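Below is one structure, written out as C-alpha cells; the observations come after it.
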C-alpha cells in the first residue's frame, strides 16, 4: 500500500453539513442499521436452524443475508458515528480498507443474486434435472466462486487506487471511500485508471444483469405451458428476487458504469444500495414467502417453549 501520497487521512463531508439534518439522519440511519443487522441475522439463523428450508434457494438466501449484513457494516457504522462529530476524518489505510470492503461484498452480492436467478431458471424450466444440477456441492462451489470473484474484482479496484499519489486536497464529498471521489483527489492524470475502474465494475454489473434478464425472459416464456396455479407459484418465488435485483442493480448501474460527474448526486444514490436495499431484503423475502414465515414462527415457538421449560 506504499505510494507517493503525502495525505495520511481524508475528510468525509457526509450526506449533509447541516447540524439539524445530521441529528435527524443519525436517528434514522441508526434505526435502519439495527433493522439491517436484526433482519438479516434472523434470516441466517432461521434458515440455518430449519430443516424445512434446505433447498438451494434458501441456501443462497442465507448467504445473501450474511453478505448484506457485512456490506452495510462496511459503511453504515462510520456514517452513523460521523453524524455526531464535527471532524469526519478517516485514515488513508482505513479509507482503502473501506474501498476494498465495499467492492468485495458488493460484487459478491451481485454474483449471489445471479446464482439465485440461475437456481430459479433450473427449478422452473428444467425441473426434472433440478436435484442433479443444483446439488449442495454445486451450490457450495457457486458461493465460493462469488467470494473469489468479489475478491479479484475488489483487489483490482483497490490496487489501482493505492498506486495513485494523493498530495491534497483531502476532502471527499461522500460518506464513504469509493473509487470515483478518490480519483478526483489524486494529483495526477486519472483518465486511464478511471476508464479501467468503470470497465471493471461495468463489465461485471452489466454481464450479470444481462444473465438475470435473459434468465427471467426464458422463465416467463416457459410459464406459458404451465397451469395457472403453477404460474402463480413460480411467479411468487421469483417476485421477491426480481424486486431485490431492481433495487440493487438500478443504483449500482447508475453509479459504476459511467464516469462520475456529480458526487453529491452519487452519494444520495449510494444510500439505496448500501443501506436501503440490505434493509428491505429481509422484509421482501419474509413478507412474500410463507415457508420462511412458518419457519420463523416455529423457531420463535421453540424458543418460547424452551424459556417456559426453564
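Glycine is treated like the rest: Cβ placed from N, Cα and C.
As stated in TrEMBL, the feature transmembrane segment covers range 269-287 out of the listed 269-287, 288-306. Transmembrane segment is the annotation TrEMBL gives to one range among 96-118, 165-187, and that range is 96-118. TrEMBL assigns the feature transmembrane segment to residues 138-156, out of the candidate ranges 119-137, 138-156.
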